[in-house]
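Before any comments, here is the structure.
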Amino acid sequence: MRTITRVEGPCVESNGQRLLAFCSNDYLGLAQDSRLIAAWKQAADESGVGSGSAHLICGHRREHAELEEALAEWTGRERALLFSTGYMANLGVTQALLQRGELCVQDKLNHACLLDGAQLAGATLKRYPHADVDAAARQLHSDDEACALLATDGVFSMDGDIAPLPELAMLCARESATLMVDDAHGLGVLGDDGAGSVAEAGLSERDVPVLMATLGKALGCSGAFVAGPASLIDGLVQFARTYIYTTAMPPALAAATHCAVTLARTENWRREKLNALIQRFRQGAEQLGLPLMASRTAIQPLLLGDAQRALEASRALEAKGLLVVAIRPPTVPQGQARLRITLSAAHEEAHVDQLLEALASLRLAGAPV
Ligand code: PMP
């Protein structure tokens, strides 16, 4: 494990070496924004550091309530509920919504915590090949229960591609299944005001009744929320164990996150800059013949195939002052090791050019091995 001793924009210091990082999920460059820091400090001055208890005891503060309202409004949902992490949100939702033996259909590349949640609930978990709506339909259809849950990432964390949300929504409507989208990597990045992959696809709360997203990525903070109809939120408050039995996030974190929501919604230049950097990277990588994957989001992996090759590429980049992590099995399927490059509005064009120059020198062009 690497210890980071200093962070400055997209650069980090580790072991006394300054590295330009392409591995943070701070896609909009908000994590170090002075306004977030000021909001955090002011709330800490007023409310202290810890919330003191779980939400249902006496930990639910004004800062939490205000953030929940802002998140519900942003995502066009009736209500929203905060969780301390995305992992806990997904465990909590699946465990609260699924009875033992009920069907949960999931994309094979969903994040680990969605899969873990279904298993923890004792649900019958069926995983369809990545983004294969027909296969999902067959899995849903094989069950005569009407209360199946179909869960998908909005943007896939290791591939960067976007789920076929309109088709999945139609399928769920047809089969009377509930659609849940984990938009950890879409919120803030996709959609006109950053409301995420579901909003970008033109889908509403009716189509996607369970929307989950994290606060530690594009919003630059930490934590997560689930948004949807009041009946869903009431149910989670009653039954989601990872909501009930844990300390509420620090109120100062909620205040800083509220500030991040306002900035993510209104500072469109962040998304525009990010998208321009994504295009610049993809054009440069294409010219170099690098093994790009089909992604238009901030996650721009290079598929290298062999785990050792990915590791060596990551080390060679580090020797050139760049921090890019190698992702290997079991996080990704066998034979699909990759460099997971993430871009951020905190980067400049010159940073992307520096990355492309370093990648060019590694001779990564060609098909994965
Ligand atoms: N869902 C997805 C798609 C993720 O990528 C992650 C985190 N990497 C999580 C959930 C978990 O979120 P958290 O880090 O807040 O626990």
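Any Cβ shown, glycine's included, is placed from N, Cα and C.
Within 10 Å of the C-beta of T331 (substrate binding site) there are 13 other C-beta atoms, taking all protein chains into account. Sequence annotations record features per position, and here TrEMBL assigns substrate binding site to R2, H111, T331.
Annotation source TrEMBL lists domain 'Aminotransferase class I/classII large' at 20-359. Model confidence over the domain 'Aminotransferase class I/classII large' (20-359) stands at 97, taken as the mean pLDDT rounded to a whole number.
Positions annotated as pyridoxal 5'-phosphate binding site by TrEMBL: G86, Y87, S157, H185, T214. Here G86 (pyridoxal 5'-phosphate binding site) comes close to H111, C113, D182, A184, M212, A213, T214, G216, G223, A224: these same-chain residues lie at least six apart in sequence, with C-beta atoms under 8 angstroms from its C-beta.
Counted within 10 Å of its Cβ, the other Cβ atoms near K217 (N6-(pyridoxal phosphate)lysine) come to 29, all protein chains included. What TrEMBL records for K217 is N6-(pyridoxal phosphate)lysine.
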Listed binding-site residues adjacent to ligand 1, that is, members of G86, H111, S157, T331 whose C-beta is under 6 A away: G86, H111, S157
Coarse DSSP state, helix versus strand versus coil, of G86 (pyridoxal 5'-phosphate binding site): helix
Among R2, H111, T331, the record's substrate binders - longest CA distance, Å: 23
Spatial neighbours of K217 (N6-(pyridoxal phosphate)lysine), counting only the binding-site residues R2, S157, H185, T331 and Cα distances within 10 Å: H185
Other same-chain residues whose Cβ falls within 8 Å of the Cβ centroid of G86, Y87, S157, H185, T214, the recorded pyridoxal 5'-phosphate site, in sequence order: H111, C113, D182, A184, A213, G216, K217, A224
